[in-house]
Amino acid sequence: MAVFYLVAFLSIFFSLLVIFSKNPVHSVIYLIITFFTFTIHYVLLNAQFLAIVNFIVYMGAIMVLFLYVLMLLDLNVNSEPVKSSLMKIAGIVAGMCLLVTLAGALKGSGFLPAGAHEEVVQRPNLGLVKNLGQVLFHDFLLPFEVSSLLLLSAMVGAVLLAKREPREI
Amino acid sequence: MNALITISVLAVLVLYLGLYKANKALLPVTLLGLAVALFFTINHWNVFTGPTFNDMMSYDNFAVAFSGITITSTMLILLLSKGYFEKISDHVAEYYSIILFSLAGILVMVSYHNMTMLFIGIEIMSVSLYILAGIRKQDFASNEAALKYFLMGAFSTGFLLFGVALIYGAAHSFDLEAIKMHLETNLQTGQAISPLFYTGVVLMAVGMAFKVGAAPFHFWTPDVYEGSPSLITAFMSTVVKTAGFAAFLRLFATCFYPLHDFWMPVILVITIITLFAGNITALYQNNFKRMLAWSSISHAGYMLFAIVSLGSEASYGVFVYAIAYSAASIIAFAGLVLMQANTGSDSFDSFNGLGRKNPFLAFTLTVAMLSLAGIPLTAGFIGKFIMFSNALSSMHTWLVVLAVINAVISIFYYFRVIVAMYFKDAERAELEIPLNFKVVLAISVVATILIGIWPAFLPNVI
C-alpha cells in the first residue's frame with residue numbers, strides 16, 4: 001500500500017505542476033512524468049498490457065506529438081494571449097461540471113451489475129499479457145486481422161495526401 | 001467472407017498495378033474483381049447456418065442483400081470514373097484502392113454480429129472516406145470537406161465507442177445475440193436494466209445518426225458533399241448511406257429490439273427533424289450538388305421510418321428504398337459530373353435547355369428526379385410506399401402525415417431541375433456523353449422503372 005500512496009501522491013503532484021507551470025514545454029514534460037506514474041499504477045494493478053500500452057502510446061507517441069506541435073507553434077510567454085475573465089469563469093464551470101460528474105459516477109458505482117467487482121478480484125490475472133493474447137488471438141482474431149485493412153488504408157491515404165503533386169490542377 | 005477477402009486482395013492488387021504504371025488496366029481489373037466479389041456474395045443467398053468466426057460475422061440474407069446493393073452501386077460509380085481521377089492527379093491507382101478499402105469496411109458493417117466488428121467496419125469506411133473527400137489537394141473546398149468530415153467523424157466515433165463500452169459494462173458482451181438475451185432475461189425476470197445500458201443505446205443512436213447524416217447531427221453533410229469531388233460524393237451519398245442504414249437497422253432491429261419502447265421516441269424525433277431540415281433547406285438551394293446533399297438528408301429521414309416502426313417489412317423496406325435511392329442518385333450524380341466537366345457550373349441554370357439538346361440525358365435525369373420525389377411508376381414510389389405502409393401498420397399515422405407533407409415539399413425542388421431542362425431555353429452546345437455514362441444511365445433507369453412497375457421482382461429479404 002505504501003507504494004500506492006507514494007505513486008498516487010506523485011501523480012497528483014505532477015498533474016498540478018502540469019497546470020501551474022508557466023512554460024508549456026515544462027508542462028508537457030511534467031505530463032510525461034504524470035503518465036509514467038500512471039504506468040506504475042497499472043503495474044501495481046497487475047494490468048501489464050495497459051501498462052505497456054500506456055508507456056509506449058501515451059508517453060511515447062502522443063507526447064512526442066505534443067512536443068512537436070509546441071515546437072511548430074513556437075509558444076512563449078509573450079505571445080500567449082491574455083485569458084479574459086469570461087474564459088476563466090467558463091473554465092471553472094466546466095471543471096466543476098466534471099467534478100460533479102466524477103463524484104456522481106463514483107457514488108453511482110452501485111449501478112455496476114453485481115459480480116463486476118468480484119470478477120476482477122477472483123481473477124487477479126485478468127490483465128496479464130498472456131490472457132489478453134489468448135482472447136485477442138482466439139475469440140477476437142477476425143477483428144484483429146480486419147483492423148490491418150484499416151491501418152493499410154490509412155497508410156495509403158496518408159502517403160497519397162502528403163505526396164507532392166508534380167503538376168498543378 | 002470470400003467477398004471481403006476478394007475485395008481486400010483486389011485493393012492491394014490495384015496498388016501493385018499502380019506501382020507498375022498499368023493505368024489502363026486499373027478500371028477493368030477493379031470491375032472484374034468486384035464482379036467476382038458480387039458472385040461470391042450472391043452465392044451466400046439462403047445458405048445461412050449461423051454466425052461464423054467465433055460469432056463475429058453473420059452472413060444472413062440481410063447481409064447478402066445489402067452487400068449486393070453496395071457492391072453493385074460501387075461498380076456503377078466506378079464505371080463513371082473512367083478518365084475522372086486522371087484529371088485530379090497521377091496517382092489513380094491509390095484512389096481505386098481506397099474506394100475498395102472503403103467497400104471492404106462496408107461489407108463488414110452490413111454483416112457484423114459483434115460490436116467490435118461494427119466499430120472496425122465503420123472505421124475502415126470512414127478513414128477511407130476522409131481521404132477520398134480531400135483528394136483535390138489544391139482545392140480549398142475539398143480540403144475543408146476532408147477536415148470537417150474528419151473532425152466530425154472522429155467526434156461521432158467517440159460517441160459510438162462510448163456507447164459500445166457502456167453497453168459492454170451492462171451486458172458483459174459485445175455479441176449482438178448475447179446482448180439481446182441479456183435484455184430479454186432481464187425484462188422477463190423483472191430485473192432492472194442498468195442505466196448504463198440506456199445511456200449506451202442513446203449514445204450509439206447518436207453515433208449512427210452522425211454516420212448516416214440524420215438531423216440534428218447532419219451539419220457536416222452539405223459542406224462535405226459539396227466540397228468533395230462529385231464522384232466521391234456519389235459514393236458517399238449512395239453506398240455509404242446504404243451501409244450506414246444497414247448497420248443501424250441490424251443493431252436496433254435485432255439487438256436492441258426488446259427496448260423498443262425506450263428508444264423509439266428518440267428515433268422518432270430524429271426522423272421528424274431530419275425530414276423537415278432536409279426538405280425545407282433543400283428548397284432554398286440554387287446549386288444542384290448542394291440540393292442533392294440536402295435531399296440526401298431528407299432521404300435519410302424516410303429510411304429512418306424502418307427503424308421507428310420495426311415490423312416484418314422493415315429490412316425489405318430499407319432494401320427497396322436503398323436500391324431506389326441509389327439508382328436515382330447515381331443518375332443525378334452522373335448528370336452532375338457531365339455538367340461540371342462540360343460547363344464547369346453546377347447551378348440549376350446550367351441545366352437550361354438540356355431537354356432539346358440531350359434528350360436521353362434529360363430523360364434519365366427526369367426519371368431520377370421523379371423517383372427521388374416518389375412519383376408512382378418509379379422505384380422511389382415503391383420505396384416510400386413500403387415505408388409508409390409499414391409506419392401505418394405500427395400506428396404512426398401522424399408521422400406518415402408529416403412525411404407526406406415533406407414529400408410534397410420535395411416535389412417542388414426536384415421539379416426545378418425538370419423545369420429547367422424542358423421549359424427554359426438557353427443557347428447551349430450538345431453535351432458529349434461517353435459510352436460508359438450511357439451504360440450506367442441506362443442500367444439505373446431500367447432498374448428504377450422496373451422496380452417501379454414490378455416490385456415483386458426483388459426478393460423479400462426476411
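Note that Cβ sites are derived from N, Cα and C of the backbone, with glycine treated the same way.
Look at TrEMBL and you will find B:114-410 tagged as domain 'NADH:quinone oxidoreductase/Mrp antiporter transmembrane'.
Marked as transmembrane segment by TrEMBL: B:25-42 (among others).
The transmembrane segment annotation in TrEMBL covers B:62-80 (among others).
Feature annotation from TrEMBL assigns transmembrane segment to B:92-112 (among others). Beyond the ends of the transmembrane segment (B:92-112), by six or more residues, the same chain brings 3-4, 7-8, 10-12, 14-15, 17-19, 23, 26-27, 30, 33-34, 56-60, 62-63, 66-67, 70-71, 74, 78, 81, 85-86, 118, 120-126, 128-129, 131-132, 135, 176, 235, 239-240, 243-244, 246-247, 250 to within a C-beta distance below 8 angstroms of the stretch.
The feature transmembrane segment is assigned by TrEMBL to B:118-135 (among others).
For B:147-171 (among others), the entry in TrEMBL reads transmembrane segment.
What TrEMBL records for B:191-210 (among others) is transmembrane segment. Residues 152-153, 155-157, 159-167, 169-171, 183, 185, 217, 220, 244, 247-248, 251-252, 256, 259, 262-263, 266-267, 270 of the same chain, all 6+ positions outside the transmembrane segment (B:191-210), place their C-beta atoms under 8 angstroms from a C-beta of that stretch.
Packing against the transmembrane segment (B:231-250) from elsewhere in the chain are residues 62, 66, 69-70, 73-74, 77, 80-81, 84-85, 99, 102-103, 106, 109-110, 112, 118, 121-122, 125, 129, 132-133, 135, 176, 208, 211-213, 224-225, 289, 292-293, 296, 299-300, 303, 306-307, 314-315, 318, 322, 325-326, 329-330, 333-334, 337: each is 6 or more residues past its ends and has a CB under 8 Å from a CB in it. The annotation transmembrane segment is assigned in TrEMBL to B:231-250 (among others).
Residues annotated as transmembrane segment in TrEMBL: B:262-284 (among others).
What TrEMBL lists as transmembrane segment is B:291-312 (among others). Within the chain, the transmembrane segment (B:291-312) has long-range Cβ neighbours (under 8 A, six or more residues past its boundaries) at 212-215, 218, 221-222, 225-226, 233, 237, 241, 245, 248-249, 252-253, 257, 260, 264, 267-268, 270-272, 274-275, 277-279, 281-282, 285, 318, 321-322, 325, 329, 332-333, 336, 348, 372, 383-384, 387-388, 390-391, 393-394, 396, 399, 403, 406, 410, 413-414, 462.
Annotated transmembrane segment per TrEMBL: B:360-386 (among others), in sequence order.
Per TrEMBL, transmembrane segment is recorded for B:398-423 (among others).
The transmembrane segment annotation in TrEMBL covers B:435-457 (among others).
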Original post:
Does the transmembrane segment (B:435-457) reach the transmembrane segment (B:262-284) with at least 3 CB pairs under 8 A, where each pair is 6 or more residues apart?
Top reply: no
Original post:
Is the count of Cβ pairs under 8 Å between the transmembrane segment (B:62-80) and the transmembrane segment (B:118-135), pairs 6 or more apart in sequence, 3 or more?
Top reply: no
Original post:
What residues in the same chain, six or more past the boundaries of the transmembrane segment (B:360-386), come closer than 8 Å to it by Cβ-Cβ distance?
Top reply: 295, 299, 302, 313, 316-317, 320-321, 323-325, 327-329, 331-332, 334-335, 338, 351, 354, 403, 407, 410-411, 414-415, 417-418, 421-422, 431, 433, 438, 441-442, 444-445, 447-453, 455
Original post:
Which of B:25-42, B:147-171, B:398-423 shares the most C-beta pairs under 8 angstroms with the transmembrane segment (B:262-284)?
Top reply: B:398-423
Original post:
What same-chain residues lie close to the transmembrane segment (B:147-171): Cβ under 8 Å, and 6 or more beyond its ends?
Top reply: 115, 118-119, 122-123, 126, 129-130, 133-134, 178-179, 182-183, 193-194, 196-197, 199-208, 210-211, 217, 219-220, 223-224, 227
